[in-house]
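Record features, source TrEMBL:
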REGION    1-28  region 'Disordered'
REPEAT    83-125  repeat 'ARM'
REPEAT    125-167  repeat 'ARM'
REPEAT    166-208  repeat 'ARM'
DOMAIN    186-332  domain 'U-box'
REPEAT    207-251  repeat 'ARM'
REGION    370-390  region 'Disordered'
COMPBIAS  378-390  compositional bias 'Polar residues'
Amino acid sequence: MGEEEQSSVGVEEEEELAEKVEEAETWNQRKQTLILEISSKLIHGDLESKIEAARDIRNLVRKSSSSSSSSSSKTRSKLGAAGVIPPLVLMLCSPNPDARQVSLLALLNLAVRNERNKVKIVMAGAVPPLVELLKFQNGSLRDLATAAILTLSAAALNKPIIADSGAAPLLVEILSSGSVQGKVDAVTALHNLSTCKENSTAILDATAVRPLINLLKECKKYSKFAEKTTALLEILSNSEEGRTAISNSEGGILTLVETVEDGSLISTQHAVGALLSMCQSCRDKYRELILNEGAVPGLLRLTVDGTAEARERARTLLDLLRDSPQQKQLASSVLERIVYDIATRVDGADKAAETAKMLLEDMVKRSMEHSMDRIQQRAASCTPSDTQST
């Protein structure tokens, strides 16, 4: 390429860049004008103007998102600073269904990825009307309110206020009767609230166990959703009412055992924690129930492959599942040492750790196959009345 052609290409690139800069500046000026117009409509306009302005917020944030994430973040911040949040919160109490819906959508758009707006929305008094919307039979509004509670509860400053608002029991109801998305959002919101250290009262009670077990049955055990669900079940296993509800739920203990076998590092840790809490609270009551669901193979594997906390929990639970407390001398840690000694003699010290792991995994596999055969035999021997839910 000659010097003239290179110079021509360079000029074209500079002109194109200048056009983009000019377009961006024009858009930013236009955006600032739109923000002032939206704010004015929401603060001073009639109901129709407010509804239109709330829709404009959603469209403006979406348009900003299409250009860049930093642009949408700045747009949210500028809208929040322009005073649009208080009038939107007031619209949540409007008898007009459209006003409630568009204000909810606008607030959600303002709160996403913006901690300051999350706090502003709660400080403006949004939680009580959102809790009222959780009671609505209108599925769309209830789903939006659930999503809003989820989004707002992600901010640490908001958690105590939402935890004390009475939202939790309504979120638990949604676990049973809500839409698929509503259930997912409710679990995540409850998980957010369960991490609130400032709240002195329990977020959950035993009524949450059955729907949580049912949701855990249906989801992939290694999913993020399963991690949050098992975390909530582990919290519930710390009370006698929660433990009883888990054991009385159809497939409750079995579902936790399956999660120990198939879950992610996090969900297995929570699932074994729940089982351990049950067995530690009353070994005589829960030992056979856990053993009958074939828990040992998954626990043995967890002593090898789990997190440090999960491995310790699995070892402790295996001790409790033995025939008598005196047999704790034969704990899984001793088993591991025996296998390691065998591996050292076979393959030498250099390869002992790898060989021991393979031997343990093979033992787990054989034990799981044996347990599965037992479960299938039990299932085949059940009469139809035995398999009906209680």
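Just so you know, glycine gets a Cβ as well, placed from its N, Cα and C.
Sequence-distant contacts of the repeat 'ARM' (207-251), counting only residues of its own chain at least 6 positions beyond either end whose CB sits under 8 Å from a CB of the stretch, comprise 169, 172, 175-176, 183-184, 187-188, 190-191, 194, 258-259, 261-264, 266-267, 270-271, 273-275, 277-278, 281, 285-286, 289, 389-390. Using a Cβ-Cβ cut-off under 8 Å and counting only residues 6 or more beyond its ends in the same chain, the repeat 'ARM' (125-167) has close neighbours at 89, 92-93, 97, 100-101, 104-105, 107-108, 111-112, 115, 118-119, 174, 178-179, 181-182, 185-186, 188-189, 192-193, 195-196, 198-199, 201, 203. Regional average pLDDT for the repeat 'ARM' (207-251) in the model is 96.
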